[in-house]
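Asker: Can you keep this structure in mind? I'll have questions shortly.
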Amino acid sequence: MGLEDPPAERRASNSDEERDESRLAQFGYKQELKRDWGLAHNFGVSFSIISVITGITTLFSYGLNTGGPAVMSVGWILVSLFTMLVATAMAEIVSAIPTSGGPYFWAAMLAPPKWSPFAAWLTGWYNLLGQVAVTTGISFGLANLVPTAIIVKNPDFVPTPRVTIGIYAAILISHGVVNTFGVRILRYLNNVSIVLHSAGITAICIAVLAKAPTHQPASFVFGHFNDGTGVDGADGWSIRASPAYVALCGALLSQYTLTGFDASAHLSEETKKASWSAPIGVVSSVGFSALFGFFVLMAFLFSIQDFEATLASSYGQPVLQILVDVAGEDGALVLFTLIMICVWHCGLFSMTSNSRMMFAFARDGGIHPFFHKVDARFRSPIRAVWLAATLSFILALPSLGSSVAFAAATSIATIGLYISYGLPILIGVFYHDSFNAMKGPFNLGVFSRPVALAACTWIGFITVVFCLPTANPVTRETLNYTVVAVGILSIGAIGSWLLWARRWFTGPAAEVAEAMRLGVDVTEPGALESREKAEEARALALSRGDAPSQ
């Protein structure tokens, strides 16, 4: 008896579950995924996917060469402030519409009926591109860190692009396997990830600061500008264009790192009290990551021993060079291994979020319904998991012939995701009265529109900036193919809509419309599915000439 919940607690828990399922049913969906995540778990997924140590470590070299410490430190502060505006505006929508579909579903619900399907279609494809690219950026970043660590004890080892791609494939497979068979342990891995990303990385930063033989002055950390964007002896962009151009491009490190917090929304159908927990997960994950990331960045920048030697590190990884200078090779390997474990967890939960978005998009007809399938035994959208893994692998293939492929993947992730965040926010600005009618417990009140407008302005700005070339001269190998990938997706999404998708894609709102047509109370969990099955049985009976049962 001592192991059972008190009756009052059970009733409260059942009441929360009923409210969550009722809210989901209002949008025409039944509860298919297991709802056993709490606020801490929901926060943890976004916190793990943002994973400041992942973005900072994998793009540290990019940051040092594209503006240097001054742009990295000051840029982090500015980007964090604007990202918090985006997160706050997005959290208000999450509270109103807590479904796994996330941005594309919000766009459909907020847009007027005439434009609802197109808004869902366009937003969904941008979000899908961003989700795939962010998984690529994380896991491919780890695939580059692994051979880098091997070089420490094996300096003759040469990591070719094919070797890196092979490591990358193995990492994606490991993430796919866990997401396929280990859904029950994802919560526990999530707890481990939170500890690693907080206590573990804090310990690393304190150790680095404490053991560093010397520390750089604040004037270096906040004022030293470096332009390493020139290739093969060519002038950098600060000479060809201006230092401001380099600084804008250098903001990618901060903006890419603070990306992926829509995971709290994609996990909302598995989260208890989703209308409150999911938006808090969005905002808190960005807030804590901004503060924590600044601490990590400061620890590394202040601990640089020789700036030029760090840039030209024989390991090809400035963070590893900083660790070696501070703790020696053996100590550096231990610390770097902990960082790589954090990056692995980040990639794992990125695929979790990615697969949920694809599952929901398939449920609404955005991609083939084959991928709308939850395995009855493992309670996981297994087909969507492996679709996410396959697309992420394909997106990394240009790295076989491009020296800036990784930076481009991070740009694609940033632009794709933020456009998908911005579209529903912008729709909510234009159709604010409709949005007000459906708002949840997280409500900005009179600040709703100003915050949303500021967020949309920032998203439009970075969309242009991160499509710009970051290496000079611009050649086939140094081209920032972000504009190509985003352009192809934009043309493809709009073109396919005009040619054929508009004839059959009705968007998620069609489920609600169907419930209304059948005269079903859409607030009753599972009622829509039961009525549809009854209608199918009635139609089958009529086709056989049987009298339909009453």
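Cβ coordinates are placed from backbone N, Cα and C, and glycine is handled just like the others.
All TrEMBL annotations are machine predictions without curation.
As annotated by TrEMBL, region 'Disordered' applies to 1-22. The annotation compositional bias 'Basic and acidic residues' is assigned in TrEMBL to 7-22. Annotated transmembrane segment per TrEMBL: 43-64, 76-98, 118-145, 165-186, 192-210, 280-304, 332-351, 382-400, 406-431, 451-472, 478-500, in sequence order.
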Asker: Given pairs 6 or more apart, does the transmembrane segment (478-500) have at least three Cβ pairs under 8 Å with the transmembrane segment (406-431)?
Answerer: yes
Asker: Which stretch from 76-98, 118-145, 192-210, 280-304, 451-472 shares the most C-beta pairs under 8 Å with the transmembrane segment (165-186)?
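Answerer: Out of the listed stretches, 118-145 contacts the transmembrane segment (165-186) most.
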Asker: Do at least three CB pairs under 8 A connect the transmembrane segment (382-400) and the transmembrane segment (43-64), leaving out pairs fewer than 6 apart in sequence?
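Answerer: Not in contact, no.
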Asker: Should anything in the same chain at least six residues away from the transmembrane segment (332-351) have a Cβ under 8 Å from its Cβ atoms, list it; otherwise answer none.
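Answerer: Answer is 45, 48-49, 51, 53-54, 57-58, 131, 134-135, 138-139, 141-142, 145-146, 149, 152-153, 171-172, 174-176, 178-179, 186, 189-190, 192-193, 196-197, 200-201, 204, 207-208, 260, 263, 319-320, 323-324, 326, 385, 388-389, 392.
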Asker: Restricting to CB pairs under 8 Å, which listed stretch, 76-98, 118-145, 280-304, 406-431, is in contact most with the transmembrane segment (382-400)?
Answerer: 118-145
Asker: Excluding the flanking five residues on each side, which residues at least 6 beyond the ends of the transmembrane segment (118-145) place their CB within less than 8 Å of a CB in that stretch?
Answerer: 49, 51, 54, 57-59, 101-108, 110-111, 159, 164-165, 167-168, 171-172, 175, 256, 259-260, 262, 317, 336, 339-340, 343-344, 346-347, 350-351, 353-354, 357-358, 361, 364, 366-367, 388, 391-392, 395-396, 399, 406, 409-410, 412-420, 423-424, 427, 485-486, 489, 492-494, 497, 501-502, 505, 507-509
Asker: State the non-local partners of the transmembrane segment (192-210) in its own chain: residues 6+ outside its ends, Cβ under 8 Å from one of its Cβ atoms.
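Answerer: Sequence-remote neighbours of the transmembrane segment (192-210) are 40, 44, 47-48, 51-53, 292, 295-296, 299-300, 302-303, 322-323, 326-327, 335, 338-339, 341-342, 345-346, 348-349.
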